[in-house]
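**Q** In case it's useful when we look at the structure, here is the feature table from TrEMBL:
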type     : residues : note
TRANSMEM : 24-48    : transmembrane segment
DOMAIN   : 42-292   : domain 'G-protein coupled receptors family 1 profile'
TRANSMEM : 103-122  : transmembrane segment
TRANSMEM : 142-166  : transmembrane segment
TRANSMEM : 202-228  : transmembrane segment
TRANSMEM : 240-262  : transmembrane segment
TRANSMEM : 274-294  : transmembrane segment
Amino acid sequence: MRAPDNGSEVTEFILVGFPGPAGFHAGLLVLFSLAYALTVTENALIVAVIRVSPALHKPMYVFLGHLSFLELWYVSVTEPKMLLGLAAPRFRRISFAGCMAQLYFFLALACTECTLLGVMAYDRYVAICRPLRYPAVMSGRLCRLLAAGSWLSGFSVSLGKVFFISRLGYCGPNVMNHFFCDVSPLLNLACSDMSQAELVDFLLALLVLLGPLLLTVLSYGAIVSAVLRARSAAGRRKAFSTCAAHLAVVLVFYSASLFIYARPRAIYAFNFNKLVSVVYTVLTPLLNPIIYCLRNREVKDALRKAAGRAAWALGARS
């Protein structure tokens, strides 16, 4: 079928969301609402504590602050619309422009997170493998450049990808078997010739995901090699403890992302895809602050001090 010459005939999409009866949807609404509230609270708290605590003005925590700030927006791109769709069927409709906007910000933030995870792995490599040069290498200027580069690369790469997807012909049906506008279900609905589109999407996904992943793998390969050569057992435990949390987040995030975005589209079980999507849109942002920061002694000390200052200020004001 030939695609329309001047764009899309579809003006809105209907998001199917999650299958099941109304009672199941109500349970999901409560569960995901709690997860969203906790995610926003945790990440906002970490951003605030890192900002007001001079002891945390170090490269590792600067990048953690960027990651937590990103997670605030990342969950807010998809979860509010998902919650509205669970609350009432009429909210499952989304305009074509709204769908493309949601897709763009979701991809931009996801790509930025990929790059940030790679940058954080490099930071740990320098800290463990080049400890004497760490203050000189990871200077404040370089940290700012790496953080800004992560944001710029994520938003720039995603712009081209969303522009490409928006130019495909969508001539119906407009029912999308997902809970937000994502690449795979959109490509499935396009009525253009999809052979080239699928290949371009597959190659773009590999480019976006595998670049930061390669940096992460190389950094942790060097870290593991250096730690295994360490003579002190206590030093090995400390180094592994420092890196294990970051590595766990990387494994979960990349496993889900590569499964969804960087595999050929021969067979798609969309209900299973939605389950995997929940991992990196709901579960990972919820667990990241706990894994990264709330188990960290310096962060916990900063939290206690900040809580003490806030309690003192409230007491003095009352």
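Cβ from N, Cα, C; glycine included.
Curation does not apply to TrEMBL; its annotations are automatic.
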**Q** Under 8 Å between C-beta atoms and at least six residues away from its ends: which parts of the chain pack against the transmembrane segment (24-48)?
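**A** That would be 17-18, 64-65, 68-69, 71-72, 75-76, 79-80, 82-83, 86-87, 282-283, 285-286, 288-290, 293-294, 299, 303, 306.
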**Q** Grab the same-chain neighbours of the transmembrane segment (274-294) for me: Cβ-Cβ under 8 Å, and only residues 6 or more beyond its ends, written as numbers and ranges.
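**A** For the transmembrane segment (274-294), the far contacts come to 18, 32, 35-36, 38-39, 42-43, 45-46, 64, 67-68, 71, 74-75, 78-79, 110, 177-180, 182, 245-246, 248-249, 252-253, 256-257, 259-260, 300.
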